[in-house]
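Reviewing the structure listed below.
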Amino acid sequence: MILKWFSEYKSLFRYKGFFSLLLGAFFSNIGHSIAVISIIWMIYQKTNDPFTIVITLICLEVPTIVFGPILGVLLDKYKTSMLMGIANLSRSVLFVFLIFIPLQNYLTYSVFFILLTISSSVIPITRSGEYVLINKIIPKEKLVSANSIMNIQFDLAFTFGPMLGGGLMVINIGNSIFIINAIFLFCSSILYFLVKEQELSEKCTDNKKASIKSKEWWQEFIEGIKFIKSNKTILYLVFINFLWNFSIWGTSPTLSPVYARDYLNIGAEGYGMLAATSSVGIIVGSFLVGLKKINYPPTTIVFISIALHSLLYSLLATQNQLIGAIIVSVLGELCQLQL
């Protein structure tokens, strides 16, 4: 069974461009995860104010949400791999600029957050572009395996990235850590440029139809809202999912550095390890689920998963050692792997 699984994934690398895309995405995600960990920790260390963590997260995440639908139209008009390469190259340059901004006063913090916002605003190009290129490179019958291995690289990147970022912050190199982000993003951009779309475009002639066009986005959004409102089951599921994400994932990025430094009394390396546990749990959980199918009603699985994950999340308050917090966190991720 394992050999068959390995052979299935190995066969994907026969398709030209897939390895460059996979490695480019891996480097891009490592660079991003290092940036998130190092920036949040550095800002909190300098200000001792949790509200600055909120501002940092807004600059890191909100532009991605806002510009996602807008930038999607560019993937229809220009070569996807070229746009992805340019996006990460521009982010690499912006991180080099961040090295020279001393966080000392209101002006320098403002410039820092503006550059961070600009960097985050182009992330949708690479994230959406990855799915577009996968459909161009890989035949339809192999897409499940290809998407699976892309998910694995994402989780691996967000396992190693936070640990590497936390370890580097221990050295006390300050803003110089951004050179590491710049290097990873630069390497990623080169790998994206190496994906030759003109050789792959014949494999998916209708790919542009799958991309979201700006003129259709609002109409599709309204239709989606109407469908959710007309189906009570979907409506309740969306509400539960929102409440769960809001209560746990919405608070976790802000509370984690405070919990690590002020409650567990650990440094940046411990914070990085704690941040990496979510990906570790997801990787292990996904593997376990793949071994045996669980024959229970979906609603029962969702209820039990949310209940156990929430319970374990609350148990973090009872832990005063890093190892205990890591164990509880990993178990929590294992419980929500079915969602």
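Cβ atoms here come from the backbone N, Cα and C positions, even for glycine.
TrEMBL annotations: computationally assigned, not manually curated.
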Looking at the ranges 86-106, 107-127, 317-337, which is given as transmembrane segment in TrEMBL?
107-127
Hey, which of 21-44, 107-127, 177-195, 298-316 has the most Cβ-Cβ pairs under 8 Å against the transmembrane segment (50-75)?
107-127
Within-chain partners of the transmembrane segment (177-195) [C-beta distance under 8 Å, separation at least 6 from its ends]:
17, 20-21, 23-25, 27-28, 30-32, 34-35, 38, 42, 81-82, 84-89, 91-93, 95-96, 98-99, 126, 129, 133, 137, 164-165, 168-169
